[in-house]
Every structure is written in structure tokens, then in C-alpha cells.
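TrEMBL has this to say about the protein:
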- A:6-29: transmembrane segment (TRANSMEM)
- A:9-71: domain 'V-ATPase proteolipid subunit C-like' (DOMAIN)
- A:50-74: transmembrane segment (TRANSMEM)
- A:59: site 'Reversibly protonated during proton transport' (SITE)
């Protein structure tokens, strides 16, 4: 296989898998947050920082993957 | 493309922006390459001869070093030849500058403190301190240590300021600097792995220090060798706990670096779409320009979330690790 083609396939896989992972993670987190707030609205202020911490942790690895995919696509 | 004005291809433009300004020792006999400026072959040759260098017929002027010495790197081969002592002086400069800015602003607010007529700056800083105080009180419960909250505030404010440099347009500082003769410039210190890794290592050293201080040296050894499975599975315990230990600074450093690097990369790709040579602009070029400006704006707005979030997470995890370090060892 040509190197150029392999590069595009690799970058495509990186984008796609990163999107799937981040989507599932963020979806689970958000749905649980909404459920929890619906059940106990008075806890919202306590839940929100934890939620953002979780979102940051979930977001980090896919973001790195996207950056590396761009690197593979345009620089390497 | 923005790259056209500096005579570079799109790829060279990206690589140029992703390279730190490196200062380091070069051995005698090393061949340095300078980028030849000029619109045609003759112009480039004159440019090289003005500097008493040989033109290699393509893109660069060459100079062979006659003695060892410390130089600014001009390209990747220079950086590789420097090896261990390659210092990223742009990262050092901007991180120290921003650290100084943080200290200056906070010290000024503390000096001009007033109960009756608080300034807006004072209110903002009080808000920030309240916020950090709340986070530390909520998370750090295992012992009493007055170092943790100031450290959390310092990390948060410093990392936030360094991350905010990402929102400065990508060519605003490096391009004038290049006209002044600085070959490379990376203005966001947190897109350099050296900085995030050293921050994470400092946190890790404090983690080890407080672990040993609160549990005692024997207690610390016990906590990493007897923990999940009990004494009869000591090798497995050690294996798991040491990986767990080393993963802490590694994930701290790579998370911050990776996020900011990816963000910077996307800013660069968008900047590559925009042309500044308005005389040669076609309709398609104009469309691309407008799209680039729009995309820059959208990504910058989205990036504000990442910038603040990553600073918060770095601070939060530091506090969590400090809390773990102060926990007493318990036999389960």
C-alpha cells in the first residue's frame, strides 16, 4: 500500500475512533448529570464541578488523538 | 495562504510554527543552514553572499562551524545535534513572564486592599481565591496542610495564563519576531512537553515527599507493597502500585500538553487557509478567507472551554494527589 494512502486511512481512523469514544463518554456523563439533577435538584451545585472534571478527563484523550491525527495528516 | 508571504509551503509553515526557539551547544564541523530569503535564484544568492555564506542552489545558505559554541538552532538538524542541552528559551521566557505577571497582579491587589471601596480587580481576585478555597476544602480532607491551597491557586492561575496565550492569533507574535531575526517562536508554553512534564514532576516530588512525611518511610513502602492483595502477593502489589504511581505525573503532563498542542495545531491549520496578499485575491480565495476568519472565531470560542478546563483539571488533580499523599496507611 502506498504511504500516502496509509496516512489518510490512519488519520481517518484516529478521527473516527476519537469521536466515538468522546461521544459515548460525554453522553453517559451528561445523561447521568441530568438524571441526578432531576432526582435531587438541590445537589446541582455540587454535581456541576465534578461533571466538568469528568468532561475534561473524557475530552482529553480524544483531543490528543485529533491533534496527532492532524499531525500525521499534514506534518509527518 | 498566510504561508505564501513568507515564501514557505503550507507544510513548512506548520513545521515552522511547531518548532521551539532552541539554544544549545553545537560541535565544531557541524553544518548550519540558514533559510535564504529572496524571490528568485539570484536574489537568494546575493542574500547568502551578504552574510559570507555559501548558497546551496535550492533554499539554504550553509555555514560550517569551526569551533564549539552555543548557538540558536535554525532547523531540526541543529536541534538534533544539540542533544541533551537544547534549551527551549521561548518556553522559559514566556512561562517566567506570565508567572511574573500573575505575581505582580496579585501582589498589587493585595497591597491596594480595601474593605470600604474594593476595586474590580480586588473583587475578581477574591472570587478566584474563594473558588480555590472551596475546591481545596471540598477535596483535601485527610490532613491539615497550609501549603496545598496556595499551591493550587498558583498552579491554576499560572497554567490558565499560559493556556490563554493560545488565544493570541498564531502569527501575531512570531511573525514580527521573525522580521527581527528570531528564527522560531512558540508563544504558548504549555504546548511544550518540557514545561508540562516539569510541572507534573514537581507535583510528583511533592506527592512522594508528603507520602513519606505522613506515613513514614516504612509506611510508604508498606503502602506500595502490601496494598491491593495483601502480603502474600507482594510482587503483584509492587507491580500494580508502581505503575499507578508513575501514571500520575505522566498523565498530568501528557493531558495538558496534548490538549493544548491539538488546539494550537487546529489554529495553525485554520490560519493556513487565510491569505494576506489582497492584490491577488480571487473569489474562491475571498471565500476561503472569510471561512478561515469564521472558523478561527468558532474554534477560539470553543477553545476557551478547553483552556480553562485543563487549568482547572491540572489544579484539581494536584489537590486530589495531595489528599492521597496525606492519607494514613490502613491495612485492608
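One is the number of the first residue shown, and numbering goes on along the chain from there.
A Cβ is built for glycine as well, from the same backbone N, Cα and C atoms used for every other residue.
These figures come from a predicted structure and were not determined experimentally.
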Long-range Cβ contacts under 8 Å made by the transmembrane segment (A:50-74), restricted to residues 6 or more beyond its ends, are 7-8, 10-11, 14-15, 17-19, 21-22, 25-26, 29-30, 33
Simplified to three states, DSSP reports residue A:59 (site 'Reversibly protonated during proton transport') as helix
In the domain 'V-ATPase proteolipid subunit C-like' (A:9-71), averaged pLDDT is 88
